[in-house]
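Enquirer: Take a look at the following structure, please.
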Amino acid sequence: MSDLREVVDTEDDAIDVGMFEEPEDYRPPTPPPTFATHNLLDTSKSITVRLVGKNPLWGHLLWNASRVCANYIESHASELVRSKTVLEFGAGAGLPGLLCAGLGASIVVLSDYPDPDLLSNLEYNKTHSISTSDESQDGQTETHEKLVLDNGARVECAGYIWGHNAQNLLTICPQGFDLLILSDLIFNHSQHEALLKSVQSTLAKPDGVALVFFTPHRPWLYEADLNFFKIARESGDFDVEQVLEQKMDKAMFEVDKGDENVRRMVYGYRITWKKV
């Protein structure tokens, strides 16, 4: 009688190990990156950013608030941007921050959650979305040319978790940042205090400005969105001023719940240090 181990060994040798491999279509592949173009108010120029194919942190979308915030920054560039230091939280594709790099900022830091896909995409946009002065206009279209990086501007990408020690950001700009950009972040109500803590630790004194732009994506929670500004006021450290409201042509998600007219809105606020 054959040794049982010999039978088992023989049968093992005959097994097609490929039967355990997942078929190629077992789970949907990650969608490829997409691209979105923002035309500046200076109608001769544009910025095209790459968006990650899909991300649970929503980095695969270019939000209405980001476009409106970019327009506001461009309109106030002489006050907010030129020769200033800029930090964008939750940057996603980094549109407003990249715009600042082309409008005369001295330092721009694009920060987001330390997710490899998000950070590598920010690095891609840092390299490809704006030209240096000696590059050919390979991003030029029939009517728009690529925004050119201002001479001397320094652009950095950094991973950062709201509410945590911001030393990696302050190493780049120890005195804090003249302009903070928070674009469509306050829908995350559980992170309001953490986000405000980050503002407190990175906003330059005494004249720093934080821009907070957002859309009420869940109209029934609009008051909860606004609680961010209530916390800022009640801290005793900040003045809060609404500076903009704009109705977009369409909502980000046409089939979402809630009043579409509310979901088409973008609101903009300024947060500054309270004047003594």
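Including glycine, each Cβ sits where the backbone N, Cα and C put it.
Pasting the relevant annotations from TrEMBL:
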- W63, G90, A91, G92, D112, W162, S183: S-adenosyl-L-methionine binding site (BINDING)
Enquirer: Would you count the other C-beta atoms found within 10 angstroms of the C-beta of G92 (S-adenosyl-L-methionine binding site) for me?
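Expert: The answer is 29.
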Enquirer: Compare all C-alpha positions of W63, G90, A91, G92, D112, W162, S183, the record's S-adenosyl-L-methionine binders, and send over the largest distance in angstrom.
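Expert: With W63, G90, A91, G92, D112, W162, S183 as the binding residues for S-adenosyl-L-methionine, the largest Cα distance is 20 Å.
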Enquirer: Residues with Cβ closer than 8 Å to the Cβ of S183 (S-adenosyl-L-methionine binding site), same chain and 6+ apart in sequence?
Expert: W63, A65, S66, C69, E88, G90, G92, P96, L211, F213, F214
Enquirer: Mind giving me a neighbour count for D112 (S-adenosyl-L-methionine binding site)? Other Cβ atoms within 10 Å of its Cβ, every protein chain shown.
Expert: 24
Enquirer: What's the number of neighbouring CB atoms sitting within 10 A of the CB on G90 (S-adenosyl-L-methionine binding site)?
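Expert: I get 23 for this one.
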Enquirer: For the binding-site residues W63, A91, W162, which one has its C-beta crowded by the most other C-beta atoms within 10 angstroms?
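Expert: Per the Cβ count, the most surrounded site is A91.
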Enquirer: Taking DSSP as the reference, which of helix, strand or coil describes W63 (S-adenosyl-L-methionine binding site)?
Expert: coil
